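J.: Annotation source TrEMBL lists domain 'FAD/NAD(P)-binding' at B:28-365. Residues or ranges marked as disulfide bond by TrEMBL: B:74-B:79. What TrEMBL lists as FAD binding site is B:83, B:147, B:349. Taken from TrEMBL, the feature NAD(+) binding site applies to B:212, B:213, B:214, B:215, B:216, B:217, B:218, B:219, B:307. Feature annotation from TrEMBL assigns domain 'Pyridine nucleotide-disulphide oxidoreductase dimerisation' to B:385-492. Sequence annotations record features per position, and here TrEMBL assigns active site, proton acceptor to B:487.
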């Protein structure tokens, strides 16, 4: 029989919506299924996926709230008279952020309507390679058939199920941004950047925050930069419990939570009470209810992620996957969006351009931001050998920190280049204010094959932090002091 | 060699008249006249190659008697204090935003000019000090004296007590920079201030009239308004001459929407004092540029920012034959920063047809010295130099303006891609939707190579820097499109 739709996208997040809207541009009949399974704590949200509702957007806004707290302190040095005490009200911020997110949900619905993409608020699962069974919250069923199906269901935060009380009493990032009341004294046992970011802004708005980590922070990122980031957070006021892992969570009479953990350094068991425990132990792909086995879509048995080739195709013809759910891809909104658009262009627009996942820039929005593109120093050393790479680096002080009397000990940047030949830039790492803004343009340069001499020929813009990148000249190899001095 | 500390003795004069001192008897390898961005960078670089270097730096006091230390315009009365005061104004805005993000504090927040200025001046003082230490450490001789040529290879240095000394050098570098221009109308020097005075003004300027439409004028007007002052800008014709006019107008619009008054197509004809004080009260009379209309206005402070003039007319260039552009005072140089006199070079703001920017001066100075003493052949690359105007809505640019691109390549050969954007941080406090803007200009004939980049929005400088590097690598539109954005930042647009 004839399929109802040319394209059915399961998952209305960054990747899914981008793909659907792009396909609609080609005059195709497109439908999007989006459904949010409430979190164990009961939190739910509208169309737009993780980024819009419980990811990038609310995270950056709350990060901004924390930055504004620092700005208030700086402002006094710059002559602004603000009567003390200054305090922060969670509910005002949360309300404002939630309202903005809701406006985005609305905006997405309007956009889909404008582009004539059919939207179903339903949970989808496969019946056969061209058929999806959609189920509403009320249990009403709809059967949808499509020529092509794109799976873009993303991921959800994991709970450490082996820890007693974790599920009942803990929350995750899915819940944090939707809390109506302040989380209070918070513990985040963590592994990944989202939670460092959360711990950062919670500290910034004045909450007593502790990060617990078993081993290294920001696994997968350049480790020197990761330590500088956490060092800064420590001096900023976030507490760290290093080389510890939680063993159980219990509820106290006053509704607070008692967390017990093992300190692997001292080999002791310790315990303390908190208002909130926010788990950030990783995200798991949302594939369980999709019924992938029914149609034979292969997933990685360890991670549960869908295996795709360079064209985003799964093991089943006409079924594709993009975004956080795919194996081996960066879990970032812009890559999902780009992959989604290119996929639609290949399916319906006669394009053959594949997604380039190399040199994807990213930024961790901790109180002192970390932006990077390309290889970490360790990876570069591994790939090319330490004799074949040169690392230029510098400690600098943002001009705005001077009058504000702010410590810039962790404001640092480094460029990893090939040592021979034209000295191509392999990786660029920057810690400082507005790291995302700084790195973006350089990411472009790296895509154009930027070399160290080319960056040195670029004249700096003065006074900015970014200009220091064009002045990097001290190598790690030289052992010289890498502190930037005056103009 | 013995230093010629002779104070105008006839013996030395005879030596100067027609007898060029022999090579080995020069006092210095290099004398740099002007201790600003370009001069200091060159001096420090030369010292690295074990050259005997002297820097002469002297600040002729402003008409109101203001002066400053070593470091030049950028450090003392330019980039540095400007950016700090711009930051103060941005923080004022941040205070307002923060309430929407949940921060609570008293309704009324006032700004204290003296607190800010003191902090800024203290920081500048530390930079002046830092430079003196750096020169000493690198064994560069520094004299706080006014340098002028008196004969071939010879310079006279006069300190503030009037003591004169003569020095000779094998090579010279002129890096004397510029000073603000005055109008030449009654009352301008007596009652008006310039950017040379603003950053150390010992009292709040109050209700201010800024005369001019240069980036200096707009940046100053911008931060003064951001600090809560009543600001008016009087413009003779267009804003930001030489910059992309589409962007310039957007900047002006934004400033107007944020409470800065613009008086367009008027020029002041006299400034009178109504009342003395700190600040006092001044009456400004202005005439229309088209017609006979005369207007008057009362202000506490009048800030002149109509342009800058090179400090090249009183340094004895005629004595050594260095040609300058008589009209502008600027010095023409070849692509190796050499004047028409082979042993005399020049860098920085005084150069003809070059950008008046600190990083350009520094780059040019360093590369020049590397060519002179380290066998390098690298010349300063003046193409695609990025810049940023730190107005309340910042503007970063690199490459061609739209009008220049149209002129040079023709409308059919260029493509302009553009977009408005709303920084995420502005959503919650409901700031200015649709004011931030970015455009790139591509050369269709050259693989859609990006030849112009313009962005209007917060942190424009940080954003533009990387794009400038990418343009240096020959970025095309396709490469730009295929680069993944960092989310959520403004630069991803």
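Residue numbers in this text run from 1 along the chain shown.
The backbone N, Cα and C atoms fix where each Cβ goes, glycine too.
Remember, TrEMBL labels are computer predictions, not curated facts.
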J.: Does DSSP put residue B:349 (FAD binding site) in a helix, in a strand, or in coil?
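T.: DSSP call for residue B:349 (FAD binding site): coil, neither helix nor strand.
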J.: At a CB cut-off of under 8 A, do any of the binding-site residues B:216, B:218, B:349 come close to chain A? List them or say none.
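T.: In terms of proximity to chain A, the binding-site residues that count are none, since no Cβ is under 8 Å.
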J.: To the nearest Å, how far is the Cα of residue B:214 (NAD(+) binding site) from the Cα of residue B:79 (disulfide bond)?
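T.: Roughly 14 Å, rounded to the nearest whole number.
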J.: In the structure shown, which of the binding-site residues B:147, B:212, B:307 has the fewest other Cβ atoms within 10 Å?
T.: B:307
J.: How many helix, strand and coil residues does the domain 'Pyridine nucleotide-disulphide oxidoreductase dimerisation' (B:385-492) contain under DSSP?
T.: 40 helix, 33 strand, 35 coil
J.: Centre the Cβ atoms of B:212, B:213, B:214, B:215, B:216, B:217, B:218, B:219, B:307, go out 8 Å, and tell me which other residues of that chain have a Cβ in range of the NAD(+) site.
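T.: Going along the sequence, the neighbours come out as B:210, B:220, B:240, B:305, B:306.
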J.: Pick out which of the recorded positions B:79, B:218 has the most other Cβ atoms within 10 Å of its own Cβ.
T.: B:218
J.: If you count the other Cβ atoms within 10 Å of each Cβ, which of the recorded positions B:74, B:83, B:214, B:216 comes out on top?
T.: B:74
J.: What three-state secondary structure does DSSP assign to residue B:147 (FAD binding site)?
T.: strand
J.: Counting across all protein chains present, how many other Cβ atoms fall within 10 Å of the Cβ of residue B:349 (FAD binding site)?
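T.: Neighbour count, Cβ to Cβ under the 10 Å cut-off: 29.
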J.: Go through the binding-site residues B:147, B:212, B:218, B:307, B:349 and tell me which ones have a CA within 10 A of the CA of residue B:79 (disulfide bond).
T.: none
J.: For the C-alpha pair, I'd like the distance in angstrom between residue B:212 (NAD(+) binding site) and residue B:74 (disulfide bond), rounded off.
T.: 20
J.: State the Cα to Cα distance, in Å, between residue B:216 (NAD(+) binding site) and residue B:74 (disulfide bond), rounded to an integer.
T.: 12
J.: Where residue B:83 (FAD binding site) and residue B:307 (NAD(+) binding site) are concerned, what is their Cα separation in Å, rounded?
T.: 19
J.: Could you pull the average pLDDT for the domain 'FAD/NAD(P)-binding' (B:28-365)?
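T.: Its mean pLDDT is 95.
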J.: Given the binding-site residues B:147, B:307, B:349, state which is nearest to residue B:74 (disulfide bond) when distance is taken between Cα atoms.
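T.: When the Cα distances are compared, B:349 comes out closest.
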